[in-house]
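As given in TrEMBL:
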BINDING   G421, Q422, T423, G424, S425, G426, K427, T428  ATP binding site
COILED    25-88  coiled coil
COILED    208-329  coiled coil
DOMAIN    336-673  domain 'Kinesin motor'
Amino acid sequence: MLILQERCENMMDYIKRLRLCIRWFQELELDYAFEQEKLKNALELNEKHCVDMEVSLKNKEEELNMIIEELRKNFESVQVQLAREQTEKLAANDSLGKEKEARLSVEKAQAGLTEELGKAQGDLQTANQRIQSVNDMYKLLQEYNSSLQLYNSKLQGDLDEAHETIKRGEKERTAIIENIGNLKGQFSALQEQLAASKASQEDIMKQKGELVNEIASLKVELQQVKDDRDRHLVEVKTLQTEATKYNDFKDAITELETTCSSQSTQIRQLQDRLVNSERRLQVSDLSTFEKMNEYEDQKQSIIDLKSRVEEAELKLVEGEKLRKKLHNTILELKGNIRVFCRVRPLLPGENNGDEGKTISYPTSLEALGRGIDLMQNAQKHAFTFDKVFAPTASQEDVFTEISQLVQSALDGYKVCIFAYGQTGSGKTYTMMGRPGNVEEKGLIPRCLEQIFETRQSLRSQGWKYELQVSMLEIYNETIRDLLSTNKEAVRTDSGVSPQKHAIKHDASGNTHVAELTILDVKSSREVSFLLDHAARNRSVGKTQMNEQSSRSHFVFTLRISGVNESTEQQVQGVLNLIDLAGSERLSKSGSTGDRLKETQAINKSLSSLGDVIFALAKKEDHVPFRNSKLTYLLQPCLGGDAKTLMFVNIAPESSSTGESLCSLRFAARVNACEIGTPRRQTNIKPLENRLSLG
């Protein structure tokens, strides 16, 4: 596992170096392109100069031709006049000499122009040679660039394969969901059939019970009739014996015989009824047996359906885990800041009918659980984040999504989670929860419980962790130590802390605040006590938008130092949990006096945070981290090698639509920022430490 982690870290370093190399070659390519453009411009200037020289040469040749033509005409006229006028011969000779001198000067000018044309052609040839060398270099750069593009396309192919895997997983998830729906339909139908079968079986069992009772009563009556018949037969026999003695009792004997015959008839009728009842009982037993078999079959099919549903749900959970893992891997490779959006429930007194008009959640497969739509002035604004929590989401649901990120702090990573949003949107509830209510604990208490539980479970693997806690707030651009036992050091009447807490960042990207109280903690109960102490010292106030509005930025820092005694491996992680003060408009908050100063300081620091995010998104060379204490404190989280997650909290009422839209746009810009690949801080204990421990 350590070898794989080292290989992963080597690969991350190689990817960083490769990105730097690509960026260097891109800059080199831009320089060569600029040089080539300069040479092309020089060549165009030389060509233009040559063209101008050729045009001027052609013009001079035309002028010379015209002069020669005129000279010929003059020579012809002179020859004609020479024959006629001998007296003008000397003048003609003088003019001829002048013409020869002019011709020689024209020939000299033509020779000079020819030399200049040769020089221009030589310059053109050298420029062509330089252009050829630049073209060769450009071809080499193109070949290297093509190789880099091939490698980049390979990486893009791997990324596309990961996306395809995610899409296949989502398709399988959709199919599994549909299969689960069908199975649930079949399950409900079988349950209805089972209920009907149970009802019919109960009716049959009731009929069977009635028949059994009737048979029992008939058997009792039959036994009574048999007893009466036997008794009467005995009486008849006694009477017959006596009849031989007494003939006077013939009438009584006749009556007794009649009674016996009638009772025999009743016995036969009862026997027939008994036979019919036994037949009906056999028929009911057969139907009951068939119903029992049908019931067992349906029960088995229900068990099979339940197992299939459980398997499908298990596959769905595994597919969702795989999707989250691939999604997190892609985000870590990109180095993006992850963004979760949470919409708080409507509070008592707010208009419940406006939520459906203002905020909606897409149901498409791509945006399910990740998309949110906001309506403003009949215009729909759609946003997609890494996760969107509806008002029905519980604190447990929210924490489940970030639990793996919190685990990274124990693994040696820097982790930063901060909540952003307008005043009254539920940031403090998300981070701190509601005091005294176990079900509504916030992210900070739940993160601490998980860290302490995981620390306890890792002891069996040889890990020992030491945890240190610090808490501060940034109030009116002043850092306050919330764990200080000196109340004067925490807050003064002027609102300024007398202690100067300077922020420093070392070469490893760790942040240190001067004179800040840092305490060792052993259990989550100790941290809960410290949180309550910090909450009492934190600056809160009442505005028109919130009864208890946080007037400062709260920063909770947990430093984790772990060592494995068996492998001698050390890790150093940091968990920063930040509850930002809410942005608010002065027209809505109605702040005056100290509240006005607080609002201005809060909005200024949040505006500086927006400037930093904007500079990171544009990949500018200078990022204004030092414009506020908040951005300078968050510099390692926003511009370093940390795993960063932002919660954007939204209020659902229609009166907050403008602020909600601004928050969502800011969150989308944050989600697009690439801050680099997270780096794990781990090393092996030095030899002297091993000797001292052993």
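Cβ atoms are placed via backbone N, Cα and C, with glycine included.
No curator has checked TrEMBL annotations; they are predicted automatically.
Locations of recorded TrEMBL features on the structure.
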residue	record	contacts (Cβ under 8 Å, 6+ apart)
G421	ATP binding site	K427, L580, G582, S583, F647, V648, N649, I650, A651, S663
S425	ATP binding site	R344, G582, N649, I650, A651, S656, S660, S663
G426	ATP binding site	R342, R344, N649, A651
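Mean pLDDT across the domain 'Kinesin motor' (336-673) comes to 82 in this model. Taking all protein chains in view, 24 other C-beta atoms sit within 10 angstroms of the C-beta of T423 (ATP binding site).
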